[in-house]
Structure formats: C-alpha cells, structure tokens
Amino acid sequence: RAGKEGQVLHRSKRGWVWNQFFVIEEYTGPDPVLVGRLHSDVDSGNGNIKYILSGEGAGTIFVIDDKTGNIHATKTLDREEQAQYTLTAQAVARDTNKPLEPPSEFIVKVQDINDNPPEFLHGPYYARVPEMSNVGTSVMQVTATDADDPTYGNSARLVYSILQGQPYFSVEPQTGIIRTALPNMDREARQEYDVVIQAKDMGGHMGGLSGTTEVKITLTDVNDNPPKFPQSVYPMSVSEDKVPGEEVGRLKAKDPDLGDNGLVNYRLIDGDGIGMFELSTDSETREAVIKLKKPVDFETKRSYTLKVEGSNPHIDPQFIAWGPYKDEATIKISVEDADEPPVFVAPSYTFEVEENAPEGTLVGRVHAKDTDVANNPVRYMIPRYTDVEQFFSINAEDGMITTTRQLDREAQPWHNISVSATEIGMYVIETVSAVDKDEMAHRQHFTFSLAPEVAHNHNFSLKDNRDSTASIYVLRKGFSRLTQDVYYLPIEINDNGFPAMSSTNTLTIRVCSCDSKDTILSCNVEPYILPAGLSTGALIAILACIVILLAIVVLFVALRRQKKEPLIVFEEEDIRENIITYDDEGGGEEDTEAFDIATLQNPDGANGFLPRKDIKPELQYPLRPGIGRPAANSVDVDDFIKTRIAEADSDPTAPPYDSIQIYGYEGRGSLAGSLSSLESVTTESDLDYDYLQSWGPRFKKLADLYGTKDCSINDGDDGEDS
C-alpha cells in the first residue's frame, strides 16, 4: 500500500483474508464444489481488482472467479492419488495487470473418506505348526493395508477376525496373529486346514469395508504314536528241505508317524525257535524278515515259536508318558514235510560169492527205508553204468542181489556196483519255472498253484518250491494209454510285483509205454484194440434193449388203430364247413373294397367236392352245367349266393345238411333278398298276426300293416311277398 505522497512504508502487511482450504474427495455433486474465497484489503469492491490463480491444478482442477476470488474444484478429487495441492494467488489491477500485492501460496487439502477396503498384499499364506500343540501357540501373523488416511477418522483402523477355521484356530483382532485354539490336534486324523482371515476398517464397526485372505495351515508330525503289529500272531511255514539263509516270512509293525518318528526297529526276544531262525530288517520296505538259521527236520520237531518286538528308536520326551513306544507279536512257524530220499541202513555193503557159482546165486541183500512219515515202499535198481556187463541183478522189491552168470575170480576178483533206492509213489515227473518280460528285482519271485478247476484232481499235485520253481507229482499208479494218453494241467503263475499279475499256462502230460526197466518205448498215440468177442452180460443187455424197443413200437401201432377218425377230414385250407364271421360293415353292393368276395368261395370245392363221412353216396353227381358259377372277383353277390344255395340243395355229396353257412354281407340298397338259406323253402308263412288288434291304439299301425298283408295273401294273391 502507498502512504502519503512521496513516502513509502517499509512495513509489509499481508492483505489476504483466508484460511487453509479443504475439499472432500470423491465429491460427485451437480455443481463445482466451492473450495474457498480469496480477498485483498485493496479490493474496494468496484471491480478494479483481478484475482489470478496459479500452481498445481490451476485452470484445470481449480478455477477462480477473477472478480470475487471464489475458487471452485471442477473435477472429482482422489486423496489416494494426491492428498494436497499447492497454489499461488495474486491480486492485480484489472486495467494494467500490475500486481497490487505480493503473490501468496496456500494449500488445498483433500479430505479423506472411507473409499478403500483393506487388502492383504502377500496372501495367500502358508504356515506350519506342530501337532498336539498347546492352545494359544502362535502360528503366524497376517497384515492388511488400507489406502485411506490413517491420521483422519477410522477409515484405516483395521480389526481382524476369522471367518473359516474355527474352532481349531483364532486370530488376535488388533495384531492379526493366528493361534491354535483347540488342544490335541492330531496330524494322523487331519493334516491340513484352510483358514480364512478378514480385515475390516472403521474399527470393525458397521459400514466398514473388508478384505479377506486364505491361510493354509499344515500340522507337522511329532512322535505321538507307538508302533503296532496288525496281528498278534503270525503263522508261517518252512519246508524241511530248505537251506539256511532262505526267507521264511515277513511282518511289519504299523506306525502312522512320519520320517524318523515312524521308524521301527525289530528284534527277537523269546521263543523256542530263537536258535533256529534269525531276523533282519528290509531297508526299503522296513519289514522284519524271518530267515532260516539252521536246517529243520519235520520228523524231529514240527513247529517253532518266536516272539518279535518292534520299537521306535526316536522318542519325543514331551510325549513319553503316552508310551511305551513298542509292541510285540508272536510268530508260529510250522515245519512242512519234504519228500526226502530213502536212506540205506548201511553206507556200504561187502558180500562174498564163490567163483563159478551157478546163475542166480544169492550174493546179499541191501536195505533202505523212507525217512518220511508216509514211509512209502522202496524200489531198488542197479544203474547200468556201474555194472556194464550186467553180472548182477537185484530184486526191485526186497533188495536181494543175485548173479546172472558164473563169475571168474582170476578174470576179476572184485566187482564194485552201486544200488539206487527210490520211493514208490509221489514221483516228481516235472519241475516247472517261469520267465517275466518285466525286470525282476532281487526280492521278486514267482509262486505256482494249480488252477481252481483242477485243484482237487486225483492224478497230479503241485508243490511250490519257493525258489520260483514248482514240482509236479504223480498221485496214483496205473496210468493206461488206452484210457487216456494225454492230460492237461493248467497252472497259475503269480509274481509279487505291485500290482501283482498272474497268468495261466497249461502243462501237457503224455502217458508213455515203458518196459520193465522203466525205459520209455513209445509216446505216440496207439489205436484202441477192442476185444474179439462180447461177454454174456453184454449180449443180454443188447437183447433186452431190442425187446423194449419192439414193445414200444407195437404199443404205438395199437394205439393208432384204436383212435377214431373224424367224420369229416379237415384240412388246413378247408374253411367251407366252419362258421366264418366277417366283422366288416361295408357300403353296399357298390363297396368292392370292404373284403374280398373270393373268401366266400370254397377253394377246394372249385376243383372237386369233399366226400361225406357219415353217409357214403351211391352216386356222385357232377356239377350241373346249367348253373353258372360266378367268377371269384364278381361283385354280383345276389347271383353268387343263389348259385351256392341251389348247389347245396341239390348236391347229395355236400357236407351234413345241418351245416350252417353264414354270409354276413349287408349293403346299402341291395336288390338281393334274404341271405339265409333257411328261407329257400317254397312253403308259405303260417304266422298269424291277428293278436296285434288286441294290443291297443299304440300298435294299431303295426296291426294294420300285417293285417293287410295277410288279407291280400288270403284273398288269392299270387303268393309273392308284397
């Protein structure tokens, strides 16, 4: 401001009257919102002052009335985009645009409203917590952010809550820390939980905005379960012919814990078989493997008992009171009898015989016996390679050795021969094995069994040798090629893979002819030779069958003769003597499509006539040539019917006279008379209708009609119906 003329005041004084301006964000009113008003002391209101606005958003977002100084916001403002604007205002002379006051800055702040929901920027979350944790154990913390102004109101004041996951977990409302809320949560029962956490602004009050996030919580394992054998007793078996080191069986204790918590160590702790068997652990399957330590003998001891303990090597001290972390099981092993070879009473025999002794001289006797329980008989034989020149022979049943010729001491003073002893029965005729195109691991093996359809046959049996082979045994003696020369034995082969697979293969067993020395002579099919004659019993049976057949034939013929033949032979196509009803009502003689008129004709009568069965006519009259037979397709029904009536009346060879023939044809405007052959007689009607006169006036017209007709006939009418 200027003072007195020629005198300048050095004290500067701000002439604006204004305060800090505020604008509510997201304002959507119909008119521009008034931000505020600028006013200078030099403004006397005469319009000589012009206000100018510059700075952020001047002229675009904010406009000023240069006369009044009113500032308006022309656009919707977003605090989260820009929270405040710095502007500069100046008053200038309208005519010269010279500044009247120094420019002055002011700030327009955008006032916040709750227009942003909370957001979890790092979700979804994944967390782990040990099973069986105490209530209140911290799982993790989740944090949400709100873009609204945290210094103004409650737009950014967040409260956390749990929407899904109760009653297992809870969340602290102010911090977002998730904690366990249920005791003894067991991983073996349920391992994973899906939790949903909500963050709501406005302090959680009504009207606030919210956001959610998912938290997947996994329970980690602790050793809270002891091992447990599924069975208290495990039956196993081992054949007495097995060698030490062979596997007898396996067992495994179940522990639902994971990793080291689920490890189980096994050991033998008791049993009478603890010296005969040993135990090891399969490193891959974690199974206890029972193996043969010493050979077993079925005839000496037939069963053994073992007690196995399975225990956890890693125990959690926190849960030691839940123990003991071990379990026991009993193994009962039965010894199976193996078909062992016979054993000679002595390991060697020494006999003496004089030289030049005659053929058949007794040299000595060897004896072997079956060590099995079955105690099968033994058959003896001298292998030919030990007695090439066959100086000696042996009785197969009793082991007696005799000479077959005279011996010469000077030529050969000693003879060393061998004798073999073989059990009779349960001969092994074949050992089968299998191959698999899959790669076989060292623990994989094949098992064999007879197919179910031959499992109980009486010819052959199968024994699985437990070494991926099987032996086929003969169960009976006396196979005959004449009865059956080939047997088919289906065998099932299974592997122990995952999944286990099987196949069925057929073993063909052929019966061969042998000599007394068990040398195979022939295995070819021989023709069956029938005996030359028949026995007396067979002849009697054949004669009895013939007599019975003859008796049946005679009885059949007699019954046929006694059966009465019908009076009339009915043939399938003869329908003349049947009652035929045509359930069809047509349109009169003009209707030629209602039915085929040819069906009224007798198809057999066209070529001849049927003889009567009750009375045989003396003469057979031919059809009269004077009576014309209408064609089959004729539509003149009247002529056709009259012709047939005339034939029936005059033909003595026609069917019985009481045969009823019905021609159910009714048409419109037909000129034909009655269709019944009953009216073919020429006698006049003798009905009297005089009684109708006494029935009253209601029947007067009917009485007049019939009375008049009767009168005309009685008055000498020519006899025709009127």
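Each Cβ is built from the backbone N, Cα and C atoms, and glycine gets one as well.
TrEMBL labels come from automatic prediction, so no person has curated them.
Here the structure is a predicted model, which means the values were calculated and not measured.
Here TrEMBL flags 40-120 (among others) as domain 'Cadherin'.
Secondary structure counts, DSSP: the domain 'Cadherin' (121-229) has 3 helix, 45 strand, 61 coil. Residues or ranges marked as domain 'Cadherin' by TrEMBL: 121-229 (among others).
Per-residue pLDDT, averaged along the domain 'Cadherin' (230-344), amounts to 92 for this model. As annotated by TrEMBL, domain 'Cadherin' applies to 230-344 (among others).
Look at TrEMBL and you will find 345-529 (among others) tagged as domain 'Cadherin'.
Summarising the annotation, TrEMBL assigns transmembrane segment to 528-559.
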Exercise. Work out, from DSSP, the number of helix, strand and coil residues along the domain 'Cadherin' (40-120).
Key: 0 helix, 36 strand, 45 coil
Quiz item: Quick one: DSSP breakdown of the domain 'Cadherin' (230-344) into helix, strand and coil?
Solution: 10 helix, 51 strand, 54 coil
